[in-house]
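Presented below is the structure to which this report refers.
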Amino acid sequence: MYSPEEAAELKRRNYRSIREMIRLSYTVGFNLLDPSRCGQVLRIWTIVLSVSSLASLYGHWQMLARYIHDIPRIGETAGTALQFLTSIAKMWYFLFAHRQIYELLRKARCHELLQKCELFERMSDLPVIKEIRQQVESTMNRYWASTRRQILIYLYSCICITTNYFINSFVINLYRYFTKPKGSYDIMLPLPSLYPAWEHKGLEFPYYHIQMYLETCSLYICGMCAVSFDGVFIVLCLHSVGLMRSLNQMVEQATSELVPPDRRVEYLRCCIYQYQRVANFATEVNNCFRHITFTQFLLSLFNWGLALFQMSVGLGNNSSITMIRMTMYLVAAGYQIVVYCYNGQRFATASEEIANAFYQVRWYGESREFRHLIRMMLMRTNRGFRLDVSWFMQMSLPTLMAMVRTSGQYFLLLQNVNQK
């Protein structure tokens, strides 16, 4: 489909669309462009970040143990602990599935499935191919533009909440250091946690700096690991949707007047070959994210309820800082699941339209072999592609609505327990 020069330009253009995600992935130890041994040196940084974050779990546990009866105080502690534990799970999954993720991302960036499509080679002498190519390029460009928008919105949401946590703790500690006597104040860490042995050390070196390092590592991977991992999902999911839409556009022209009747069977076979490639790619994407996203969906059920509860507490105490922080947290955490469910719904819908595309061609006036291929494809496309969350649910808008309702019930439960 593409000449070598066009393929190189396409690869550069797609890289520019996701360059923020790729550059950010380096900072959490993921090299999405080089799976070789040299490119895997960054794995050491992944291990350092994950071990440091696991060490900070001690501070969260101590916070929970001391204030176990103060639900408003431990709610945020529990939520952030669950968040960085999920991020650690994603980081370690990246370590073991690095080659698989790299290959999928490479296929997407290079439009490998479109380049392998026999239609553009065997039917290159037909005038309809130029029209199809323009439609396919327009479709793929539209979905890659959508990919960039989603990644940037997600990135800015995570930057806002992580920056708020860090700057708020840093500024408050400096203010207390210069305005209050030594030993008369408690330090505030980026994430709510407690280290009893160093509780009265204040800002002394190295006690304060060790605590800040551990909690900053946890805070950083909460936001940036999410953007890196979920950003890959956005790229692969929307690229798959673009491939399905492009396949539909190819199939729709199977009985066009621009395709000679004696070549329509061969044309349809090329579409069937492309369908099989798209089906294999969609299955690989589903298998790659199927189980690891289950922890994220479970976490979001609790964290949405916790965030709503913290917002209600901040509203009752007239705490604007808590309200702003929880609002930003809810936006980032909510957008994370919206990305999965909304794109998963687009994925499933595009898959269902493939069968309709085969049925809508004017097959009733074609040869017996052509009609036989159409019947075969109607049977094969009867079961569409979808993105699953383990074995329990599907990434779709109904799943999103069910999660919102469940989180609301969890929020009401927390309020009732807090009032007793």
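Using N, Cα and C of the backbone, Cβ positions are placed for all residues, glycine too.
Relative to the membrane, H69 and R380 are annotated in Swiss-Prot as lying on opposing sides. By the Cβ criterion (distance under 8 Å, sequence gap of 6 or more), the transmembrane segment (151-171) is counted as touching the transmembrane segment (321-341), at least 3 such pairs being found. Panel annotation: around the transmembrane segment (218-238), residues 18, 21, 24-25, 27-28, 30, 32, 49-50, 52-53, 56, 80, 83-84, 87-88, 90-91, 94, 101, 104-105, 108, 143-144, 146-147, 150-151, 154-155, 158-159, 161-162, 165-166, 190-191, 285, 288-289, 293, 332, 336, 339-340, 343-344, 346-347, 387 of the same chain, lying at least six beyond its termini, place a Cβ under 8 Å from a Cβ of the stretch. Restricting the average to the topological domain 'Extracellular' (409-420) gives a pLDDT of 80. Counting only same-chain residues 6+ beyond the ends of the topological domain 'Extracellular' (409-420), those with a CB under 8 A from a CB of the stretch are 71-72, 75, 301-302, 304-306, 308-309, 312.
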